[in-house]
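Accompanying notes for the structure given below.
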């Protein structure tokens, strides 16, 4: 299976079912009271994070994913069936975008996000009966479901991200730290996809995940090499470990890594420098690097030297980061409710254009082939202040008014 970390497709919620116009019928009551039921809501397209997937490969060729349509209402106040939801499993660590920006970050197993909500079912005529209007003969149409193009971007979730130039020994270090068995070789970009390993030792507070991220080269922040695909996965690690080849200009390698992380806006991330391949150095050079990189662990992934001490150091650093995160304030939760506020009336090409979420929904729900339904629509416009807003804007008898895709004459 290919490692695909990006996918783009259209999601479409199901249309809501139409309400019914029906009257109760029984012996001696040939035209009883209204009993038309409402239409069922359309199904939604829902994304769900799971640990059972590691790639977005299953969505790489999908173009449109649609949920089910709601059933129409019927007599005896029977509501239509709800449309079938479509649940799309995605790997933990998937970010969801549309043209406006980030919509969701699915960072926990089981976390869900409604990518396209189904349309609301229309009310049947039973819902419009009042003491003054005892036999309404109109209903509402179901609303269309939401539709948008989304882009999924997978960023591997890890506690520790190993970053370094090609052949710095990251894959060997991952293998030494954990039970992971990545490919290892002496050529650029041995690792073309992120590799994960779990470090689990007796006495640790909890196991932690280490990711070997594809090798970084100068210019990655501008798209060179594996470019932004590398940086995407680095951004999710809680602690970055800069793995330097101690035998090949470690000072220059650190400068390159710091510069690329800084250009990508990642310079503020918690980090630790590790000198690898120290088994290739003599005692004098080791001492020099100890002064040039004070506090940096010196390890050899090949011989295992210093690897145990490094694992314990990483575990301590992660615990410190957890304590800092627990002390940070949490953002508040905001709830948005539909409102008739924000209604706009504008003049456009000789017509008065009315815009606003609720007034556009009302127009979509109206059955324009039913005169009673049109009268109800006009009464709602008057009651909600839309007609008053049109008059204040200068609308007069016979002027064209547009609401969404609906056009009618002002009266």
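Just so it is clear, glycine is given a Cβ too, placed from its N, Cα and C backbone atoms.
Quick look at what Swiss-Prot lists:
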| type | residues | note |
| --- | --- | --- |
| DOMAIN | 1-157 | domain 'Obg' |
| REGION | 20-45 | region 'Disordered' |
| COMPBIAS | 33-43 | compositional bias 'Gly residues' |
| DOMAIN | 158-330 | domain 'OBG-type G' |
| BINDING | 164-171, 189-193, 212-215, 276-279, 311-313 | GTP binding site |
| BINDING | 171, 191 | Mg(2+) binding site |
| DOMAIN | 335-411 | domain 'OCT' |
Practice problem: Could you give the residue numbers and ranges of same-chain residues that sit at least 6 residues beyond the compositional bias 'Gly residues' (33-43) on either side and whose C-beta is under 8 angstroms from one of its C-beta atoms? | Solution: 13-24, 67-86, 118-129, 134-137, 139-140, 142-145
Quiz item: What is the separation, in Å, between the Cα atoms of residue 164 (GTP binding site) and residue 171 (Mg(2+) binding site)?
Solution: 10
Quiz item: Using DSSP, what's the helix, strand and coil tally for the domain 'OCT' (335-411)?
Solution: 29 helix, 19 strand, 29 coil
Practice problem: Do me a favour and check the Cα-Cα span between residue 277 (GTP binding site) and residue 171 (Mg(2+) binding site); whole Å is fine. | Solution: 12
Exercise. For residue 277 (GTP binding site), list the number of other Cβ atoms lying within 10 Å of its Cβ atom.
Key: 24
Practice problem: Let me know the most crowded of the binding-site residues, choosing from 167, 171 and counting other Cβ atoms within 10 Å. | Solution: 171
Practice problem: Give the helix, strand or coil assignment DSSP yields for residue 167 (GTP binding site). | Solution: coil
Self-check item: Distance, residue 171 (Mg(2+) binding site) to residue 214 (GTP binding site) (CA atoms, angstrom)
Solution: 9
Quiz item: Including all protein chains shown, what's the count of other C-beta atoms within 10 A of the C-beta of residue 170 (GTP binding site)?
Solution: 32
